[in-house]
Structures are given as C-alpha cells and as structure tokens.
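Contents: one structure, followed by commentary.
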C-alpha cells in the first residue's frame, strides 16, 4: 500500500489501516515517514500542536500523544456533563512535552490539572500574548494544580494565573517554588494576582482521623466514625455538615489521591457524594470523652463484596477565619451475598453413564466462589407424563440441551418433584399442548401421550437424559 501525502501529514500503512498516525505500540520511522515501526521501549509519539481543544472530539486527537509540537490551548466550556473525568486522564495523561506555550482557560468542570500527570516540560518556543509560557485563567472550579510528583520545567517565558476563584494562592506559590520561580512573585506583577485567585475558597485546612465501624458493615452498607468538628471557636451557623465521598477501587492503594479523576460535575466525578448534616448521629464512646459522628452509607451504589475508598470533608460557608478539614482515606469491603444463579449453556450425554455439563458463572458472584455442587437424579417417562402433564419432543439433529436452571439454597430433596424444564412444552395455563413443535426448526410433531414403543431406541435415550437433568442444581458453599 502506498503512502499518500496530504498537506504536512503522511499516511502510513500499519495493522491493515492507512492513517497519518501510527497505532498504539508503534511510532513513525525517522528514516521513512511513510512507515511505522514497533517502539523499542515506551513510545514517544509526536503530534501536531498549535491546537485549541474545545471539545471531546478534538481532545481525542491527542490520545496517546507524548510530545505536542506547538502550543496547546484547553478551553472545555461545555459538553463535559456526560464525560467521565477519567477519560480526560486517558487523553492527556501521556503528554510529557509541549513545544510551545500551554493555556487552560474557561473550563468550569476542571477541579485540578491532574489529568496532565506526565507533563514535565514546556519549552516556551512560542509564547501566549508574546509573554507567557503557561497561562491558567478563568477556571471557576479549579482548586489544585499538577500532581506533587510532577517536576515541571518551563524553559522560557513567564507564568500567569488570573481569576481562578477557588484556587488558593498558596497553591500557586507551591508550584512557583517547584519551578524555581518564586522570586518572580511580587505585588507589582499582576500576572499572579493574590486578589483574583482563591477569593471564593476556604484556604485553611486541617485533618482528622476516619475509621470504619466493622460491626456496621453489611452486604450493601457500611458505617463510618470520625471526631465531630469543634465549633466552639467559630460561628456555628457557618458550619453546614460533612461531605462523605466514596468510590469503588480494585485494591487498598496507600498512594491513592483524592484528586485523581475529579470533576465539578457530580454525574461524571469518579467519587459518589453523601451529605451528613450537623448534629446528626453524634455520640460519645462509652458515654464519655470527645464527641464522634457516626454515619451509615447504604444505597444503590453500594454492592456486595466490593472494596470502597472513602473520605470525609467538612462543608463550611466561607467567612473570615473559616477553615476546612479533610480526613484520611479509609478502605472498607462490604460483606458477601448470595450469588446470582449460574446458567447451564450445554448438557450432553457422552455415554450410558457419563454426562458433560457446561455453564456460565454467575453474572454477579457477590463474593469469591470456591466451588460448585452438582446434583441430579434419574426420572422415567411415566413420571414425566403423569406429573408434568406434557409430551417431550426430540430433535434428531442434536442431543444437546439448552437449559436454564437456578441456584438453590441447598440440595433438592430427591422426593421433591422436579421443576419443569424448557424442553417441556406447556401452554399458558400449564396444560399440555397437542400438535406443537419446539422452537428449533426441523423438530418433529409431538403426540399427546407418548409411549416407549412409539419412539426408537435413540429417542428413548434422549428422553431419559432430559429427565435426568431436570433437577440439576448448583449451590455455593
């Protein structure tokens, strides 16, 4: 396949597709721009810059990019209410270098810049307004900047922060210290305004200890406890209560950050919210000592045998001397529950004394399934015809059965009548049907009351096998 040139982009054949961008795990061959080659280590993918990202479709163009060759402007004003915060991390999370300037503006859904977790270099080869290598302004919900492990370097140009109403000034100072540019901060230079950043935020913070009440953990709920906020030295009317935030996690990561995959849109934030009001469920341990708040979280988001990360923050009206408090992250796993029933997908007689059964595991195991218990019993034709009141139809083409049997709390007693199976033909009232065929094409017509001498030997064998599997039951122990 020949490569096609369109403007500056060169199409390259790779993995059966002709594209201007090499697929994941491959990079453009520096000796032949018409070819892709497998990356020796981590791929360094260079993507054209000088782009303003103002929609998810434009953002997707930068997925897997590590070097932006030109400036990058991010302006996500609208359309973010249906975009999961983790998607932005997937898109921007591999960018290490911006060969130009970097601007983030008018993006109300941004709570922090952790989606740029790999960004370590801004060259400033081109400058915003001929002055700034990085400009962050008019982001109404921005509260934090880059992850603390980022060691960002700005090679040329200045830095601007303006009108980020929830971004505390000390966060800007921390970043400027990392950049080695703290000396550039002055009252004369309004590029880093103390008065337009953080003027709506509560910038004093403290911490407290959050614990899980083990006796209050069930299949679909868990109980938390933390010290009640001391409001004796503040206007208690300004204290509204507590926000409890939790999300499902795969393991108790000690390095988990509350800032990863965040959004100001609650529908797309990675954490769920629960509000606990003031003076609700306050108690003293053993009737003495400090006051503690106890809260139970139980709703449709809580699933059995699932690990959750959870933390608590105070909710305060901004006022002079106001301060917020944030707890540690605690981990809690809910109890196991009865699993969904497995479903038989195939049952086949391999001989006169051997049956092969295949099944799908429970859709929701609700715990760790260690094993299955299979039970069965033999049934004869007379029992089927007398108690089930139906005729059994045989398909000469296949000896496979398509059954769907449920999970029982225990093994069925052998004297209990067998359940009706899908191979039995019944009408809506449970009466037997005549002149009726199975849904499978090619099935024979069924007589009302079959007798063994009406069927050949293979039909008798198949009928006996169907009867034998009527009571197959799977039980978790």
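Cβ coordinates come from backbone N, Cα and C, glycine included.
Whatever TrEMBL says is automated annotation, not expert-curated.
Going by TrEMBL, these are the annotated features:
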- 24-56: domain '4Fe-4S ferredoxin-type' (DOMAIN)
- 341-443: domain 'Fibronectin type-III' (DOMAIN)
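Sequence-distant contacts of the domain '4Fe-4S ferredoxin-type' (24-56), counting only residues of its own chain at least 6 positions beyond either end whose CB sits under 8 Å from a CB of the stretch, comprise 3, 8-15, 62, 64-77, 79, 83, 87, 94, 98-100. The domain 'Fibronectin type-III' (341-443) scores a mean pLDDT of 61 in the predicted structure. Note on the domain '4Fe-4S ferredoxin-type' (24-56): DSSP counts are 1 helix, 17 strand, 15 coil.
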